[in-house]
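*Asks:* Taken from TrEMBL, the feature region 'Disordered' applies to 1-77. Positions annotated as compositional bias 'Polar residues' by TrEMBL: 10-26. Per TrEMBL, compositional bias 'Basic residues' is recorded for 27-37. The compositional bias 'Low complexity' annotation in TrEMBL covers 56-77. Annotation source TrEMBL lists repeat 'PPR' at 222-256, 257-292, 293-327, 328-358, 362-396, 397-431, 432-466, 467-501, 502-536. If you look up TrEMBL, you'll see 744-833 marked as domain 'Smr'.
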Amino acid sequence: MASTPPHCSITATTKPYQNHQYPQNHFKNHRNHHHNNNRNQAHPQKFSLSKPPPSSSNATKHTTAAASAASASSARAPISQIPAPFPSLAPDFSGRRSTRFVSKMHLGRPKTTVNTRHTSVAEEVLQLALLNGQTSLENVLVSFESKLCGSDDYTFLLRELGNRGDHEKAIKCFQFAVRRERRKNEQGKLASAMISILGRLGKVELAMDIFETALREGYGNTVYAFSALISAYGRSGYYDEAIKVFDSMKNYGLKPNSVTYNAVIDACGKGGVEFKRVVEIFDEMLSGGVQPDRITFNSLLAVCSRGGLWEAAMNLFSEMVNRGIDRDIFTYNTLLDAVCKGGQMDLAFDIMVEMPANVLPNVVTYSTMIDGYAKAGRFNDALNLFNEMKFLGIGLDRVSYNTLLSIYAKLGRFEEALDICREMEGSGIRKDVVTYNALLGGYGKQGKYDEVTRLFDEMKAQRVSPNLLTYSTVIDVYSKGGLYEEAMDVFREFKRAGLKADVVLYSALIDALCKNGLVESAVSLLDDMTKEGIRPNVVTYNSIIDAFGRSTTSECLSDTGQISELQTKTSSLVIERGIEADATDGEDNRIIRIFGQLAAEKGGQAKKGCGVKQEILCILEVFQKMHELEIKPNVVTFSAILNACSRCDSFEDASMLLEELRLFDNQVYGVAHGLLMGYRENVWIQAQSLFDEVKSMDSSTASAFYNALTDMLWHFGQKRGAQLVVLEGKRRQVWENVWSNSCLDLHLMSSGAARAMVHAWLLNIRSIVFEGHELPKLLSILTGWGKHSKVVGDGALKRAVEALLTGMGAPFQLAKCNLGRFISNGPVVAAWLRESGTLKLLVLQDDRTHLENTRFQEISNLQTIPL
């Protein structure tokens, strides 16, 4: 779900809820904060990315969360060798910038440089200027020239005309004032004010013209003029130009001040400049003796927020405390955004708990937290915060409504989503493109294609223009649902709208091809995408890796709609060149042709085996390409590769693939390789670090990771290792409410994870029996109905569990009223568990072990493991 500009109430000076007293028992770990006013002194040391700055005892009280985050980060190994703490797919594929970058804006901050020394004459001139046109403005200014008090009055006129968006009158007034003013320093003040006003209005080219004229005529060579131009470029996203202007100041013998540094740091934040480069500017600021202020740190935090650099953000926050710099609502909101985007929701909650000692949370605070919980899959926590907002009387804005609506849509709770829509419209906020995108995505994931079509038509009837994300979502939904003709029609409409395909749309098309087995066509489309100058992202490559491992390479469809067999290519040809296309066919025709062929064939294309070795080479080639493009693999990539390993014909092929991938990332793939090879003792501590990283992911991504790793280990006979992994997932609550003494719920697990869990659960209830306790009268094992199978109730998971139970002679049978449920009588199961041969059946062993695993081998059975 994309983000929208904030509602005007966010920056209102009086919030309706500020009269409410926060209930003191509503927050946990509430801390008192004391500030030392003598701390605002020079700190010439450089800022550290790797560790938090030293803090005094008073600062420590306020930054408990920061200190704990820093210590945790040093104890944990990252999921990849690339420095960014966590991958961030959501902004790329969901079209969402974050929960509002309003945090990095300085709206509502008291103006420290507003000139109020204008005369009443200036106010009279302003009224006349507003009433008269541009042609009459010159006469008005001439008639009042003798009464206007120099640059103060003219600066007032410029600012007020700019506030009303009338840049043409402002420029005319500026030109008049500069001609009348003889003092260079006063002309420079006027020029700085005019450049700043044009920058706020987005008229950066006009601002540049004013700057160059001022420089040429000798009154623009001031720090303030340069700073104003840097800010103007930054506001419009031209960070390269902003940095060039900043660097050019030295050529004019000018020394940047705090305003200059704040402007260039803010420009870097808006332009997505790497944090390392921004820190270099910050270090230069400190070494030059220029002291940072709250605006400096808020801008630095905004850079961290954009990249989800939560550890660096916490360090910056600690530095603010050490320097005695007050934190405002924007400081906290931007910090929270960085921490939430880094997946550290528990830390974010602690920060929010501490806020009322300094500043009350506002609608942006809650929206940021709710969005963070939603992206982490913690929907109940998100809804609890929404209820807290209502309790405190905090009115929702457009972003809050859209975030809440998206949560209900993802949960499939469409009645409540529609209630939110009605409440939103009742408060005077119309549904926008973000609202519709959330509903389209939610209905699409539930397979409600008629509703998707209805909503898509409704938004156009309501004159809400679909954006790139809308078209990408609808095409993706239709493609995955097999509605290829509808997808082709939407793509044609997309082209008629004059929009250009981006990485999101290409990734959706490539994913659709991959899921239909047309891997080579997908690679060919990837080649077209890069030729168009569109950079693939990790989502794009994940689809192709998953497809290569899922099945043997498929055939590509010919122009006539018939299936033409393609010769198996080497991995280099597949990845670098793809399939040679007809030179007369453009990008759009290729996509439409693919959809047409999919519609004609309905996914019935023939497949041709290319050999497991070839598939492994293809996966390695894709991984190499990602490495070259500096595209960071994530946990989804890892899961796709593990799934590919599980489909390998031999242990040697799987181990070879993981061994090769260790060259790219020894930590992540070293864990998988070590567990596969039986070096569990050596890699288990490293595995714990990996599990810590996965814990921050949303529940579906985390469960996919555990399922893939366990499947691979089970497939190659490392069943004891598979069980330890799955129990680790249970301990970390990857699968909620997975078992009790009476029921084992497996429906979110893969076949390998489920079978490992069945053994562990039976050992657990065996320990209950041998402790002299009775089992519940009815025991159940739930596998689900097999919603992805052709026959309801005949899913692959059910068949795997049924074969396992039958093979062990476990006295469970299918329930007549529930085809995905195995049941048994408690006393019958207890009698079976007491049999002498049962324990040997239940205790799992690895096919490959090493002497290093002696500590694990001392555990003779899993009864002794606390479950």
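For all residues, glycine too, the Cβ spot is worked out from N, Cα and C.
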*Asks:* Please count the residues of the repeat 'PPR' (222-256) that DSSP assigns to helix (H, G, I), strand (E, B) and coil.
*Replies:* 27 helix, 0 strand, 8 coil
*Asks:* List the helix, strand and coil residue totals of the repeat 'PPR' (397-431) as derived from DSSP.
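*Replies:* Summed by class, the stretch gives 26 helix, 0 strand, 9 coil.
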*Asks:* Take the repeat 'PPR' (432-466) and count its residues per DSSP category (helix H/G/I, strand E/B, coil), listing them in that order.
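*Replies:* Its residues fall into 26 helix, 0 strand, 9 coil.
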*Asks:* Over the repeat 'PPR' (362-396), work out the mean pLDDT and round it to an integer.
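*Replies:* Summing pLDDT over the repeat 'PPR' (362-396) and dividing by its length gives 87.
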